[in-house]
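A quick write-up on the structure given underneath.
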Amino acid sequence: MAGQGNTGEFEIIERYFAPLAKRTEGAFGLKDDAALFQPRPGYDLVMTKDAIVAGVHFLPADPYDLVAQKLVRVNVSDLAAKGAEPKAYLLALAWPEGVEEKDIALFAAGLQKDQDIYGLELLGGDTVKTPGPATFSLTAIGTVPHGEFIRRSGAKAGDAVYVTGTLGDAALGLKLARGDIDLLSISERRALIQRYRLPQPRVAVGAGLRGIASAGLDISDGLGADLLHLCKASGLRARISQSALPLSAPARQLLKKDETLWPSVLNGGDDYEIVFAAPGEAGVKLELLAGSTGVPITRIGYLEAGEPAVLLEDMSGRTEPLAESGYRHF
């Protein structure tokens with residue numbers, strides 16, 4: 001894990017990050033300039049990279065162990081949506097001035113926790129100081145059986161559109177964490193805020209979708225924006241029903257009190273669920289998959305021929321294009 005060349009930095013790496021690589025032969029104890037990774041015969045490598053920035057993807061006051069776990073999980077979610085199993089990762093960490101060693105220790109502890117949960121190993125990376133906000137990037141490496149990678153393209157007219165889990169929890173949780181709204185009990189608030197801080201990548205579901213899903217991706221920027229990505233890649237139009245969207249009990253309660261929060265459910269982002277297309281006859285297999293993984297899988301609409309767009313039938317029965325207003329960095 002290369003660095004800037006000062007003694008303190010290498011002590012930090014040796015103390016907190018080298019232990020994360022001790023079970024990986026190709027990491028060489030983080031003492032080399034690069035690492036080796038060899039997939040099993042018959043498997044393809046799947047790679048993804050996401051970065052998170054204080055004040056953009058997490059709150060500056062969030063505990064560093066949860067920040068580390070979110071960093072891991074937003075990347076693992078990408079792998080899951082492709083049908084891949086997570087195996088290893090590389091880090092790039094830009095710490096703000098004044099960061100304390102206890103924060104770095106907490107960050108490393110969060111990494112270790114999710115390594116154990118998702119079966120990951122650290123291969124290497126870099127750590128630097130920055131005059132700006134804390135910025136952390138992770139490159140995740142997974143494997144998928146040859147030919148079973150789930151792309152955004154591949155869907156066909158007539159395929160049904162499904163989502164895993166529930167939608168809108170994280171976006172509503174962020175509003176609660178910021179104090180923008182205060183309409184729920186303490187336990188309901190905590191549940192939604194936790195969904196913002198700690199996504200739940202659907203690794204088992206993703207693996208089960210191999211050979212079933214015709215196209216798919218994870219929902220990071222919002223249902224509307226990410227389903228539109230699938231539509232554009234597959235050259236199709238989606239029709240979805242607002243009444244079919246799966247909601248958690250706290251989110252449903254919040255929307256009953258304030259219907260103006262619906263855009264957060266549709267386009268708020270940070271769900272890290274999987275939206276995918278599958279042929280109509282896949283329904284029974286998907287019911288079995290939901291039962292075996294304990295993750296709800298809900299049919300929310302279908303795909304048809306037409307200019308790529310997402311059409312939403314709202315609660316009143318009106319159908320209009322869903323505004324393309326998911327999260328954008330630029």
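Note that the numbers count up from 1, one per residue, in the order the chain is shown.
Cβ coordinates are placed from backbone N, Cα and C, and glycine is handled just like the others.
Just so it is clear, the model here is predicted, and its values are computed rather than measured.
For reference, TrEMBL has these:
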- Asp33, Asp78, Asp218: Mg(2+) 3 binding site (BINDING)
- Asp33, Thr48, Asp78: Mg(2+) 4 binding site (BINDING)
- Asp50, Asp126: Mg(2+) 1 binding site (BINDING)
- Asp50, Asp78: Mg(2+) 2 binding site (BINDING)
- His57, Asp270, Tyr327: substrate binding site (BINDING)
- Gly125, Asp126, Arg152, Ser220: ATP binding site (BINDING)
- Asp221: Mg(2+) 5 binding site (BINDING)
- 32-144: domain 'PurM-like N-terminal' (DOMAIN)
- 156-307: domain 'PurM-like C-terminal' (DOMAIN)
C-alpha spacing of Asp33 (Mg(2+) 3 binding site) relative to Asp126 (Mg(2+) 1 binding site), in angstrom: 10
Alpha-carbon spacing, Ser220 (ATP binding site) to His57 (substrate binding site), which is rounded to whole Å: 11
Greatest C-beta neighbour count within 10 angstroms, which of the binding-site residues Asp126, Asp218: Asp218
Cα-Cα distance maximum in Å, computed over every pair in Gly125, Asp126, Arg152, Ser220 that the record assigns to ATP: 31
Thr48, Arg152, Asp221 filtered to the binding-site residues whose C-alpha is within 10 Å of Asp270 (substrate binding site): Asp221
Rounded distance in angstrom between the Cα atoms of His57 (substrate binding site) and Gly125 (ATP binding site): 21
Largest tally of Cβ atoms lying within 10 Å of a Cβ, found at which of the binding-site residues Asp33, Asp50, Asp221, Asp270: Asp270
